[in-house]
């Protein structure tokens, strides 16, 4: 019997917290505010890093990639969640669910690898400062970024294929806010242990190996920083690395909890809250963490805001001049 074909629904029902109607409105407000701040924060970082020549360095190149990733990460799930909360029929098409699963997994895996690459950048900057320009050259940074994105999407295709082809026997109620591997595996009417073992293997590769690399890198960084005699130098080094370690802790801590244990052992409501945290709250906090704890970013934001104010002021003066002189060609020529 071909279970995969017979049990493929046309759409899935995303239950979320539908059994708790009183949570719908507070959740909608939280999601809307979080998504708005995520868009504003990450777009601001992207614009500042691109427009400010002083930030055209490997560190801020990878930070721009992280902002793009976080922006896409939340956009994959939040708009659908906002629509589902507003509507009584909380459905998503089969194709939409598959696309959401693939993109969400791909961006999550890419972020794991990108955070490891960013830790290597800090390792070279602090432990090998004289070789930094040679090692972290333009082409090396481009290759590392491309490797992170391509590996993330390759891993996603493998994990999504394994998850999607599990027989569901007509089950289509996903007890989650969006299509995610643990929630979809719970719909299966077959033994999921072999698939869980394969998915666990991929999760170890994507989660534990990069986080181990990050910890080793920061072990060497800590040793190098403690040897710096200048208190200002130590403070600057810890400040730069502290932002990255905070982001790593928030993202990896929640992702490891979700993906390195069997889906059956995960508490239903706790799993939903963890997914909301690393899928929505963390992308919103990343711009705040990097901008508030980074002196270069704060100075760049000040220059960016000043430039915008100057441009707006000049535009206002120009239109005021046009209004006063009523489009006089001679006056315009003088202007």
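Here the Cβ of each residue, glycine as well, is placed from N, Cα and C on the backbone.
According to TrEMBL, the features are:
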type	residues	note
DOMAIN	41-290	domain 'G-protein coupled receptors family 1 profile'
TRANSMEM	27-51	transmembrane segment
TRANSMEM	58-78	transmembrane segment
TRANSMEM	98-118	transmembrane segment
TRANSMEM	200-226	transmembrane segment
TRANSMEM	238-260	transmembrane segment
TRANSMEM	272-292	transmembrane segment
Contact ranking winner - 27-51, 58-78, 98-118, 200-226 against the transmembrane segment (272-292), Cβ under 8 Å: 27-51
Confidence summary for the domain 'G-protein coupled receptors family 1 profile' (41-290), mean pLDDT rounded: 83
